[in-house]
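Asks: Have a look at this one before I ask anything.
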Amino acid sequence: MGSEADVTSPAVARHVAAMERVRVFPLTCVVQNYAWGKVGEDSEVARLVVNGDPLTVIEDGKPYAELWMGAHPKGDAQIKDNRVAQTTLGQWIASFPACLGSKAHPNRELAARLHAQFPQHYPDDNHKPEMAIALTHFQGLCGFRPVDQILGFLHSVPEFRALVGNEAAEELQCSVEDAVHTRLVLKNCFTRMMNCEKKVFVDQLNMLVKRVTEEGAAAKDTSSSNGDLLLRLHSQYPGDIGCFSIFFLNHIMLEPGQAMFLGANEPHAYIYGDCIECMACSDNTVRAGLTPKYIDVNTLCEMLNYSPAPAASKIFLGVPDGADPCVTVYDPPVPDFSVLRIQIPPSLPQYTISPVDSASILLVTEGHATATCATGLSEIMLRRGTVLFVSANESISLEEVSPVGVTMFRACCLL
């Protein structure tokens, strides 16, 4: 009866205030067990997970493909801090959006349209630029080759030419002086190959694999047919039209520390190796081969960027941070994200991770240290496999750096 009022005890108020001050906290992240992942502890993903949480059980026969660090609905990270009321990172961000800092919303019309038309295949309406930073020797396919290389394969690989067709191949030969016409003809060549009847391309693929295998057994050079790569892909995806994509797309080889950026509508595939991959918050991928997942050939052929370019143009190196010799900056040509590689030598007993204007996610890939932050009330033990969420404008102090130093990757938004 009468007026109502909220009554909060000082102890509860202090607890609520403490929760609001926790702006740096560890995460347990979601593993994606896609069929193409390395199995058991052969997987770097599995090794990172078990190092971050020794109680984790790794199954020997199970593939561990990706470790998702973020708040996507299909992989929302769990918060490992009992001072935080929210269970997942997505829930926490919804409660404290100001802690994200700067953000940007670039063009994503195609993603929105595909999501509206086919939500079962395109689960969100965001676009998906990506960057891959090699942790090991790494191989992938990315972007269309220079036309002279494609023409070379059309000449030396008759099975490939049979799928594209003589008329389209000759038209591509005649288009090399006109960049606009080249893109249109290249689209026609690629589309013709991708739309071949299955029996036709399977027969041609079997003939190609048989020929290359026999040539290899006779110690002949099979490089004119991209033989080594062909046999590797065919062993993983037998009878897949994507095996012929190696004659259209650049074969990219990265050394540890090198990166490649995959812009919108850029055809690509990862073949071998471990990488740190950063992308916009999306699980949209338009596929047409080298996968057991949903294939959408028509959409892929319509949307691709058909501008040919050499493999070297797809590779970029990080840039040293002028303000911190321990930091290398990977800043791709989109505003959605950047990645900082932080390498702290053992000669530095103390180190401060500088604040940035956006929220960030930090992954430790080597070494260990003790971390504290100005708004935190306790230490956080960092070790290989640890993942931290760091709010905007938060710095972290590290002490007791391990004898091998510490290597970390930090995903953020530098605007």
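Cβ atoms here come from the backbone N, Cα and C positions, even for glycine.
Checked TrEMBL, it gives:
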DOMAIN    24-98  domain 'Phosphomannose isomerase type I catalytic'
DOMAIN    101-147  domain 'Phosphomannose isomerase type I catalytic'
BINDING   HIS105, GLU130, HIS268  Zn(2+) binding site
DOMAIN    163-249  domain 'Phosphomannose isomerase type I helical insertion'
ACT_SITE  ARG287  active site
DOMAIN    330-370  domain 'Phosphomannose isomerase type I C-terminal'
Asks: Please average pLDDT over the domain 'Phosphomannose isomerase type I C-terminal' (330-370) for the predicted structure.
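Replies: 93, rounded to a whole number.
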Asks: Within 10 Å of the Cβ of HIS268 (Zn(2+) binding site), how many other Cβ atoms can you find? Include all protein chains, please.
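Replies: If we count other Cβ atoms within 10 Å of HIS268 (Zn(2+) binding site), we arrive at 19.
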Asks: Using Cβ atoms and a strict cutoff of less than 8 Å, what residues sit near the domain 'Phosphomannose isomerase type I C-terminal' (330-370) while being 6 or more residues removed from its termini?
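Replies: Here the qualifying positions are 27, 48, 69-70, 93, 99-104, 106, 129, 131, 133, 135, 257, 259, 261, 263, 276, 278-280, 316, 318-319, 321, 323-324, 379-415.
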Asks: With every protein chain in view, what's the tally of Cβ atoms within 10 Å of the Cβ of GLU130 (Zn(2+) binding site), excluding that atom itself?
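Replies: Taking all protein chains shown, GLU130 (Zn(2+) binding site) has 22 Cβ neighbours within 10 Å.
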Asks: Would you mind splitting the domain 'Phosphomannose isomerase type I C-terminal' (330-370) into helix, strand and coil residue counts from DSSP?
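Replies: Taking each residue of the domain 'Phosphomannose isomerase type I C-terminal' (330-370) in turn, the totals are 0 helix, 23 strand, 18 coil.
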